[in-house]
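K.L.:
Copied straight from Swiss-Prot:
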LIPID     7  N6-palmitoyl lysine
LIPID     10  N6-palmitoyl lysine
BINDING   23, 25, 27, 44  Ca(2+) binding site
DISULFID  24-40  disulfide bond
DISULFID  39-77  disulfide bond
ACT_SITE  43  active site
DISULFID  46-70  disulfide bond
DISULFID  53-63  disulfide bond
DISULFID  57-68  disulfide bond
ACT_SITE  71  active site
């Protein structure tokens, strides 16, 4: 869930990433604007590849593990690309 994801990325997902670039937050189109936006694009694609699952599912089923892996990969991507985060240019960027 979102709270677990925020704990994983050590930032507030709602504050830092909810309206960043073309892919962070709801929806997305076009080319990612920078490496941070690309992390969101890859995260969206990862969720899209998790078949037959709802990101809110719980328990120890494969769905939860696949979603967790998507979130873990995104957290690593955000960490590795934190220097590209440019809120002055890409915050609330038109989607």
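Cβ coordinates are placed from backbone N, Cα and C, and glycine is handled just like the others.
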K.L.:
Using all protein chains shown, find which of the binding-site residues 25, 27 scores highest when you count other CB atoms within 10 A of its CB.
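P.N.:
When each Cβ's neighbours within 10 Å are tallied, 25 tops the list.
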K.L.:
Fill in the CA-CA distance, residue 23 (Ca(2+) binding site) to residue 40 (disulfide bond), as an integer in Å.
P.N.:
5
K.L.:
Rounded to the nearest Å, what's the C-alpha distance separating residue 43 (active site) and residue 77 (disulfide bond)? Just drop the number here, would you?
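P.N.:
Spelling it out, the Cα of residue 43 (active site) and the Cα of residue 77 (disulfide bond) are 9 Å apart.
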K.L.:
Test of understanding: give the count of other CB atoms lying within 10 angstroms of the CB of residue 40 (disulfide bond).
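P.N.:
Residue 40 (disulfide bond): 23 neighbouring Cβ atoms within 10 Å.
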K.L.:
Nearest to residue 68 (disulfide bond) by Cα distance: which of the recorded positions 24, 39, 44 is it?
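P.N.:
The answer is 44.
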K.L.:
Using C-alpha atoms only, work out the spacing between residue 71 (active site) and residue 46 (disulfide bond) and round it to an integer in Å.
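P.N.:
One finds 9 Å between the Cα atoms of these residues.
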K.L.:
Taking DSSP three-state, what's residue 23 (Ca(2+) binding site) in: helix, strand or coil?
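P.N.:
DSSP call for residue 23 (Ca(2+) binding site): coil, neither helix nor strand.
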